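Here is what Swiss-Prot says about this protein:
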type: ACT_SITE; residues: Asp67; note: active site, proton acceptor
type: ACT_SITE; residues: Asn136; note: active site, for ring-opening step
type: ACT_SITE; residues: His138; note: active site, proton acceptor
type: ACT_SITE; residues: Glu143; note: active site, for ring-opening step
Amino acid sequence: MQIVILKDSAEVAAYGANIFIKQLQKKTNSVLGLATGSTPVSLYRGLIEACDAELISFKDVTSFNLDEYLGLKGTHPQSYRYFMNEQLFNHIDIIKAQTYVPPGDAENPLEACVGYEEKIKAAGGIDIQLLGIGRNGHIGFNEPSSGLMSRTRVKTLTKATIEDNARFFHDDEYQPHLSITMGIGTILDAKKVVLLATGENKADAILATVEGPLMAACPASALQLHTDAVLVIDEAAASKLSDRDFYKHIENENQKLMAKLP
């Protein structure tokens, strides 16, 4: 894994956005894996600005989101389809029919999971997958104990995840306890993975992901198996890593090398 430690959340978002901008400039018909939550919002703003400046275009892009609450229609304000429309899709030149989010209102969720995998395969696979990380190390809605080679499926959310996401729902509003999520195996199939994490509350999860053993108790630790995974984190999220200075040294040397390449 490539570990990039930056000062704060603004630098993390800018660095992450630049990775996606370079990908779209290199391959205009890229297949993007996208994520929701508070961490990617600033990254999406960077992509919107780049699109407005005509540095990139999304006209030929296909996107697949990681997950969706089971039981919410795409028009529900807390659905991830609604989130993506509001935070990104409504502000760029992407064709909405080429944006896919797991159907939270599917009549047969099990069939919908199989169909989602088939759509990803038909698109040629995901070129670059964006991830956040939960306090318990979950990626997507792959909670601890998830199989490390799992595929898109229905998952029950843990108490910790439900509590973390409760702030998005009103006290009298239904909050789903089930989801449809890409599996860890689905995520690992992406050609490149970019995980963003900020804040001290993510420090334990980052420690387990980077320096802990490969284990189902920390789903994000599966990224140790990926040949092109980049973790972009701020100082607070990196605060419990024992080799912070070494990771910074490696990244500095990598940047020097990249600057010399044609």
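Here the Cβ of each residue, glycine as well, is placed from N, Cα and C on the backbone.
Set side by side, the active-site residues Asp67, Asn136, His138, Glu143 differ in how many other CB atoms lie within 10 angstroms of their CB, and the most is found at His138. Asp67 (active site, proton acceptor) carries a strand DSSP state (E or B). Between the C-alpha atoms of Asp67 (active site, proton acceptor) and His138 (active site, proton acceptor), the distance comes to 12 Å. Glu143 (active site, for ring-opening step) and Asn136 (active site, for ring-opening step) are 8 Å apart (CA-CA, integer value).
DSSP assigns Asn136 (active site, for ring-opening step) to coil in the three-state reduction, placing it in neither a helix nor a strand.
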